[in-house]
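Reading through the structure tokens given below for one structure.
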Amino acid sequence: MLILMVIFFLLNIPFLLANFMDPRCFWKINLNEIKDEVLGMTCSFILETVQKTMDKDYFNQTLNVLNTTTNHKYALALAFTVDEINRNPDLLPNMSLIIKYNLGHCDGKTVTTLSDLFNPNNHLHFPNYLCNEGIMCLVLLTGPHWRASLYLWISVYVYLSPHFLQLSYGPFYSIFSDNEQYPYLYQMGPKDSSLALAMVSFIIYFKWNWVGLFISDDDQGNQFLSELKKESQTKDICFAFVNMVSVSDVSYYHKTEMYYNQIVMSSTKVIIIYGETNSIIELSFRMWSSPVKQRIWVTTKQFDCPTSKRDLTHGTFYGTLTFLHHYGEISGFKNFVQTRYNLRSTDLYLVTPEWKYFNYEASASNCKILRNYLSNISLEWLMEQKFDMSFSDYSHNIYNAVYAIAHALHEKNLQEVENQAINNAKGENTHCLKLNSFLRKTHFTNSLGNRVIMKQREVVHGDYNIVHMWNFSQRLGIKVKIGQFSPHFPQGQQLHLYVDMTELATGSRKMPSSVCSADCHPGFRRIWKEEMAVCCFVCNPCPENEISNETNMDQCANCPEYQYANTEKNKCIQKGVIVLSYEDPLGMALALIAFCFSAFTVVVFWVFVKHHDTPIVKANNRILSYLLIVSLMFCFLCSFFFIGYPNRATCILQQITFGIFFTVAISTVLAKTITVVLAFKVTDPGRQLRIFLVSGTPNYIIPICSLLQCILCAIWLAVSPPFVDIDEHSEHGHIIIVCNKGSITAFYCVLGYLACLAFGSFTIAFLAKNLPDTFNEAKFLTFSMLVFCAVWVTFLPVYHSTKGKVMVAVEIFSILASSAGMLGCIFAPKVYIILMRPDRNSIHKIREKSYF
């Protein structure tokens, strides 16, 4: 493990050193407006070797590079490279590279065409270009546009084949990678094999997923689009629009308004530009107004668009982010320009061509000054700073191309010397073929430490610098390197952004959000409609008792059995256990009521026992009164089985004690009612019914009725007895522990049997209500049964409309109310007379009342 860590650290050393050593802040002065007609102009060169040393005024005589045009930087880079090679005694000794011709708009002064070169009446024409013996091998350095390179290849091949080699310093194009079709053409630009991955990684870093595309309609653009789609599919990145722009399409300018409206109407804030559409979009940019410019433009070339100070006042960052191939900075460029062109350190030209960068130790502070005070920076202040001039991407390609030619020529010359094959100008038609074979095998390490392998130019996976540029018309331009992408690092570590430089570039403004649909936060799920891209969706709340605890979840998850979803539906909460306990206010109140009624029943029983010899106690069978009082007391006490944490025993006792004790109480009332009826209706001593009254036959009603209820309860317990159950749904967020009655049918059979007894007692008592009330209690029995029936008739709808512990409370309340009704209606008047009106509880008083 330690060895792997050491190896990984060693592999990271170049990258880490690059982070510290590479300049990250660049600047330039725009003194001349870039003219539309020079955008996209080609700049190519023809190189040759001569066996002499060039004088120091050679470049002044050959190129007029001291002009601030679009392509002058390539001429300047070529001059620097040629001069560096010619001054190297170890490379091409006794020979010099020269710039024989320049084609296109290179030096800001002359525009040379192929017709000029091959016109014998022109002083620039090739001498003896039809005579093979007199022609040396010419090197064409073409670029930066592939169409110009292809045009040059076709034209020169007709006239000079096989006396030339062509090296393209522009971007890599796959159409030129066929060695059989283009055997003498080399591409110095690295292939964008990891550009799509770099852009996708950058987009993901800022959490964008909705981008627009402007891509050149050619093989290169189609290949890039294919790679970008492949990388985007697995990362859920969608394209708001894809415009394949044909550079040669004459109708493009008529489509400008269409592109403008498309960008304005689109919700995307990030637009990728790839291929040779840059110059066309750049022209359009000058016609478009500020709203369309308020985007982040991701490009692969330095996008030369003016930026106004108003564009920096927004709270959101807008601008151009460019992916450029990573190259180190070549030192001495400024010194070459200054010495070779006899410039003083205060000459304005030194701060105008291309990008400049400060020395590293002053880079950060000077960048902040440029960023914060860019409208007040003076040229004098810039001239006083220590800076060097930077190479562009294509300038680096020129640098490597010229060195590759020099190394190939050098190796060819060494072999000729070793073989003593002295060139006598005969057989020169094989000169380019031999040089081509050496060039194809050329590999070297340039001054920056980078390996250049000509045979493998198309398979090199290069690193990318990510830069942001401000361009102020006729003023200061700033370019800040905000990060780097390296495909050689493990996945997830390939993109590295510099926080300090990013803050400097964006001015601490927030990056805009570029998404088709806003994120679905926890508690919501994504729903796609028909014909919607994968990035475009609507957010729907999770269903009941389902959650989503992450952003952009496709499905909500059900909460476990004993948990429930919170209000936001982003997490499950453990359900609280609820039971009708003694700590619960409702349970405490019911228990207190049951206890009070039970105590009152005991008092009543004590009063009746103490006054058992009084007429009012004897009047209606005191044994039945004692039995009724005791059964009512147990009815009150059975309600305690319904309160507290239930178990199997209490669940069974709840229903069994309730059914049996109420049966005893009601059957006792029935027996008392029948006794009253028999006592007053059987007046004839000879009638047989008198035997039943004297023998105490009504008293047998109680055990018979109670036995029938016991049989029903036994069947209930045998078939489906009550048990402890969990009610998860009655109350949100809580689990209620209740007693399940098991067989609902058995429960209603018990309840129905009680109803039949109560209705029978009520009917008989009602028929006896008009009997003399001095010796009977028919009216009290009638009212007690009326209260009992009213309570339990009301119980049924209320019981079925409630859930959880409230349902249990309703059942307890019904037990207490019906028992209290019976106790109050039957015994309360008697207790009142016994305790408060003892004068009425005597034989004498009763006789007086009966007499009158």
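Counting begins at 1 with the first residue displayed.
Cβ atoms are placed via backbone N, Cα and C, with glycine included.
Record features (TrEMBL):
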- 586-850: domain 'G-protein coupled receptors family 3 profile' (DOMAIN)
- 1-18: signal peptide (SIGNAL)
- 586-609: transmembrane segment (TRANSMEM)
- 621-644: transmembrane segment (TRANSMEM)
- 656-680: transmembrane segment (TRANSMEM)
- 700-724: transmembrane segment (TRANSMEM)
- 744-768: transmembrane segment (TRANSMEM)
- 780-800: transmembrane segment (TRANSMEM)
- 812-835: transmembrane segment (TRANSMEM)
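Here the listed stretches are 586-609, 656-680, 780-800, and the one with the most C-beta pairs under 8 angstroms to the transmembrane segment (744-768) is 656-680. When averaged over the domain 'G-protein coupled receptors family 3 profile' (586-850), pLDDT in the model lands at 82.
For the transmembrane segment (586-609), the list of distant contacts is 580, 617, 622, 625-626, 629-630, 632-633, 636-637, 639-640, 643-644, 805, 809, 812-813, 816, 819-820, 823, 827, 830-831, 834-835: same-chain residues at least six beyond its ends, Cβ to Cβ under 8 Å. Long-range Cβ contacts of the transmembrane segment (780-800) within its own chain (Cβ-Cβ under 8 Å, at least 6 residues beyond either end) map to 666, 669, 672-673, 676, 751, 754-755, 758-759, 761-762, 765-766, 768-769, 807, 810-811, 814, 817-818, 821-822, 824-826, 829.
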